[in-house]
Amino acid sequence: MVDVNRFKSMQITLASPSKVRSWSYGEVKKPETINYRTLKPEREGLFDEVIFGPTKDWECACGKYKRIRYRGIVCDRCGVEVTRTKVRRERMGHIELKAPVSHIWYFKGIPSRMGLTLDMSPRALEEVIYFAAYVVIDPKDTPLEHKSIMTEREYRERLREYGYGSFVAKMGAEAIQDLLKQVDLEKEIAELKEELKTATGQKRVKAIRRLDVLDAFYKSGNKPEWMILNILPVIPPDLRPMLQLDGGRFASSDLNDLYRRVINRNNRLARLLELNAPGIIVQNEKRMLQEAVDALIDNGRRGRPITGPGSRPLKSLSHMLKGKQGRFRQNLLGKRVDFSGRSVIAVGPTLKMYQCGVPREMAIELFKPFVMREIVARDIVQNVKAAKRLVERGDERIWDILEEVIKEHPVLLNRAPTLHRLGIQAFEPVLIDGKALRLHPLVCEAYNADFDGDQMAIHVPLSEEAQAEARILMLAAEHILNPKDGKPVVTPSQDMVLGNYYLTMEEAGREGEGMVFKDRDEAVMAYRNGYVHLHSRVGIATDSLNKPWTEEQRHKVLLTTVGKILFNDIMPEGLPYLQEPNNANLTEGVPAKYFLPLGGAIKEAISNLELNPPFKKKNLGNIIAEIFKRFRTTETSALLDRMKNLGYHHSTLAGLTVGIADIPVVDDKAEIIEESHKRVEQITKQFRRGMITDDERYNAVTAEWRAAREKLEKRLIANQDPKNPIVMMMDSGARGNISNFSQLAGMRGLMAAPNGRIMELPILSNFREGLSVLEMFFSTHGARKGMTDTALKTADSGYLTRRLVDVAQDVIIREDDCGTDRGLLIRSIAEGKEMIESLEERLNGRYTKKTVKHPETGAVIIGPNELITEDKAREIVNAGVEEVTIRSVFTCNTRHGVCRHCYGINLATGDAVEVGEAVGTIAAQSIGEPGTQLTMRTFHTGGVASNTDITQGLPRVQEIFEARNPKGEAVITEVKGQVTAIEEDASTRTKKVFVKGETGEGEYVVPFTARMRVEVGGQVARGAALTEGSIQPKRLLAVRDVLSVETYLLGEVQKVYRSQGVEIGDKHIEVMVRQMIRKVRVMDPGDTDLLMGTLMDINDFTDANKDVLIAGGVPATGRPVLMGITKASLETNSFLSAASFQETTRVLTDAAIRGKKDHLLGLKENVIIGKIIPAGTGMARYRNLEPHAVNEEEYLNPPVEEEGNEETTEVVVDTAVETVEETVE
């Protein structure tokens, strides 16, 4: 076998007959499989040991030679080679076909490759191949046309007319084979190139397609006649096994049935030919042989599929590769692994952030080999067998050994569905009793896990390298930030939030108010002994608290609460004291009003202060983000654990409970509803009198009930008691929101009907009062719709993620700086008055392209090619700069990836991205993972003024990434200039917009009901939208440049996600959009050897042009093509990646004809062949490093060179570096 990590590329071509013979170990002549009595394979049958190898290791069929010492000997009695059984998985056989047979992939595929090669229609081909018509192979001197088709009857008539032997016409695959042999590729290609110079329309399209196929044959060295099979390979028997079932019956792979049909028909045909049977019988047998081979290769592609028992279609070779259950997706891209287990998860509140609880019986099973090795090493038993017995008996001594073995041996926990990389994290195992895995409560958000019966899988990394990577790169404590937006993904939730909220509350007039303490311990002691309440405002000496005080703040008394003293106790030392829950306090320190000179009038000072709100979930998130920014991961994860413990402790002490009496009652609810009823009556009256339309009435009624619900909501909020447990849960962000609260205490409001339209009858009751039967019935509609929507959304979102991953999986950070001279000019993204994404957010973590200066003073804020930090971004925006040119993925020149400077920081770590980071996959996950949060629906804009549906949510994202024509498309102008007139034409119900510019005039017809974005006298740019709606990106590409289209797509995706409150970094969307515009269509080949009309990678196109320009020729011209992500994935340079994505047979057919070479640059290709992926630590530049020991002395005191040798030293160092670079490449 070839070592997978050795080879550089993989090529696929058509197999010539000689190639098939060279693979084969012998001919399969009989359809028999296994002898039913002896259960031994039959000779010359489909499982023959002589051809395929022995069924038992190191043993021939007759048993003359047994044991390994006879390896390689071929038995003189039975002819079987003594070797491993494993060869039955790799040795192939063959069947010599008695008549040539066409390969269905090349004849039936779309477009038909055989048809294009011969310039015949697939219909005509089918008639010839299946013996329904003759084709003229050589007309000789007759007036018949070469390749013309004739029926049996016509053939007889022509024979009578011109005489026997006056021309050659044949039927069947044999005829096609003769025609294919006659094709002169060079001559045909030259003729087609000539034809293309003048051809137009349909002729031109056909010529381009033919040229493409013929050129593929010519360049790859494949011969067209190899599309016809004279010899059929038989795959190894262990890949189509026969298994004996309990009842003595056999279960066999469908392929055996299909092969059996071929062999039977082939043998019958041979016998008929020997007997010189009548032509019609032979013809029929040949047709049946052709059909049998078709079914074997791709059953059901032509006509009705061959079925097995129970009329189930048999699975052919093509089906073995296709689809989710095919070879690619089932066995190559994802495999089941050893050393893994799964169990239900339970919460582990006492664990540290980097730990997980593993049940003892699970751990002993997972770490069995490690424990056994240790048992033998300690001489408890003598050999491994005995050690295994010891473990299986559950001996007492194994538990201590297990404890030691798992120490510092991380395990991976994974929860399905793994939507992003945080779905697999590493933990240090802690042995526990019970049978459930214990999970740290803070990592639940990343996994999207809860403890209502979720299960998780556990995996053990075995090798030292795998353990090191798990520990350094995947440890849960390292994953503080979410890769999609760089915000903390581990924020306290539920009880933890509630505890910290309760802890930091302030109340006026509670016991012990105004007491002053010398330090924290005294305050805690007073609290424990009941002298002071947790929420009482007290004083504490600032000097006793280890915080970064200013000079004025020292030697003072700080006014705070006991709870806040405890809360600040867990914070890192360098952080300011947190007194107010806002960012100013977090970054600049406590405001001056909370400080009092020693011995000042404290009670008076306290009474002058307003009560502060407690710390809510959002504030805790900001604190964590700030701490991460200042102290990085280790300190942050330690703080998170302290915050978790504090939160759980105090939510327990607070003892918050919920009773029905905690739901407040709004006194004037009846009046509010009565008022609305009256208004609705008035609206209905107006409608009855014909003053308003039905649509207007509907909108007015629903608006009225919405207003009523909002009024109730406002009353509720105004009257709420801050110490009400439900209000505390809601306000802190622990659970529930204002809408839930208003359904409990206000009114449920309007509901959606099953068709998605909002019903006019609102639900007036709330849950405290209880719903009437009719109201209950109405509310079930909404609930049901919610459930179905979620189910559909999950599937759609998952498929979107799969397509995104596929198109971007080969985008890896490949170099430090690509040295591009272009940049991207960015400003904030806004929709009308609404800000979608601010400039500050867009700048953070990117590199500048040009110097940014202060618009007023002209002072340099930041130079070119410098990283814009959060603070720099704020400084740029505060200076009043509105647009900045940055380095962007769009303008990066790196081949097969991106460079570090164009990408910026890695959002998951907050540091500059490393070479080797698989940014394409991360981008795909970041866009796909929040997909389930997006809505499914297409909104009707409501009201009368529009007749267009605006697509939003998930369908809109799919529309953008698939580059489809959008629903509700906007009309765009191709002229830059001024709108001179807008004319309405009532007869055709359209409007005409006239635009006059320097380059010419444009006249655009828009629907009568479309809402205009321009008015007469307004200026418009090229590609600007004249009406409301979405622009079709392909049209925009025709009038503007690539960068404008990329920028438009980026903005559109951001609008969808941000409108749903999902934040995604620009760079992720940039990576995806760049993959959609990677191809160029050749318009004129110039002096290059490119073909007109072909799609090619933009890099290959520029390379071809470079070579021609250097030689002084005319370069080719091309037009950039925008493709949807599905098409872009299938057009990738890697055929393995494309075939494992979709349309497997089409991709492989095409790749084989072209003799495509897969250079294994992406991740999928390498996973498929089992090679280590070329990203992260698997990248060549990291794999080829040779570690060597350094003498400590030299390391600490490097030897000083003498002055004379300086130059030579430098040169030596340079060449050394260069050679290293070369080997790394």
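Cβ atoms are placed via backbone N, Cα and C, with glycine included.
Look at Cys62 (Zn(2+) 1 binding site): DSSP puts it in coil. Other Cβ atoms within 10 Å of the Cβ of Cys62 (Zn(2+) 1 binding site), summed over all protein chains shown, number 14. Taken from Swiss-Prot, the feature Zn(2+) 1 binding site covers Cys60, Cys62, Cys75, Cys78.
Per Swiss-Prot, Mg(2+) binding site is recorded for Asp450, Asp452, Asp454. Asp454 (Mg(2+) binding site) counts 17 other C-beta atoms within 10 Å of its own C-beta, drawing on all protein chains shown.
Cys892 (Zn(2+) 2 binding site) counts 25 other C-beta atoms within 10 Å of its own C-beta, drawing on all protein chains shown. Per Swiss-Prot, Zn(2+) 2 binding site is recorded for Cys818, Cys892, Cys899, Cys902, and the stated evidence type is sequence analysis.
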Within 10 Å of its Cβ, which one of these binding-site residues (Cys60, Cys75, Cys78, Cys818, Cys902) has the largest number of other Cβ atoms?
Cys902
Output the one of Asp450, Asp452 that, of all these binding-site residues, has the highest number of other Cβ atoms within 10 Å of its Cβ.
Asp450
Among Cys62, Asp450, Asp452, these being the binding-site residues, pick the one whose CA is nearest to that of Cys902 (Zn(2+) 2 binding site).
Asp450
Sorted by sequence, non-Cys818, Cys892, Cys899, Cys902 residues with Cβ within 8 Å of centre, Zn(2+) 2:
Glu815, Asp817, Thr820, Arg887, Val889, Thr891, Asn893, Thr894, Val898, Arg900, His901, Tyr903
Nearest to Asp454 (Mg(2+) binding site) by Cα, among Cys75, Cys818, Cys892 (binding-site residues)?
Cys892
Residues close to Mg(2+) site centre defined by Asp450, Asp452, Asp454, Cβ within 8 Å:
Ile345, Ala449, Phe451, Gly453
Pop the Cα-Cα gap between Cys75 (Zn(2+) 1 binding site) and Cys899 (Zn(2+) 2 binding site) into the table, whole Å please.
61
What whole-number Å value do you get for the CA-CA distance of Cys892 (Zn(2+) 2 binding site) and Cys78 (Zn(2+) 1 binding site)?
65
Can you tell me how many other Cβ atoms are located within 10 Å of the Cβ belonging to Cys899 (Zn(2+) 2 binding site)?
22
Suppose the Zn(2+) 1 site is Cys60, Cys62, Cys75, Cys78. Which further residues of the same chain have a Cβ inside 8 angstroms of that site's Cβ centroid?
Ala61, Gly63, Lys64, Tyr65, Asp76, Arg77, Gly79, Val80
In three-state terms from DSSP, label Cys899 (Zn(2+) 2 binding site) for me.
strand
Secondary structure at Asp452 (Mg(2+) binding site) (DSSP, helix/strand/coil)?
coil
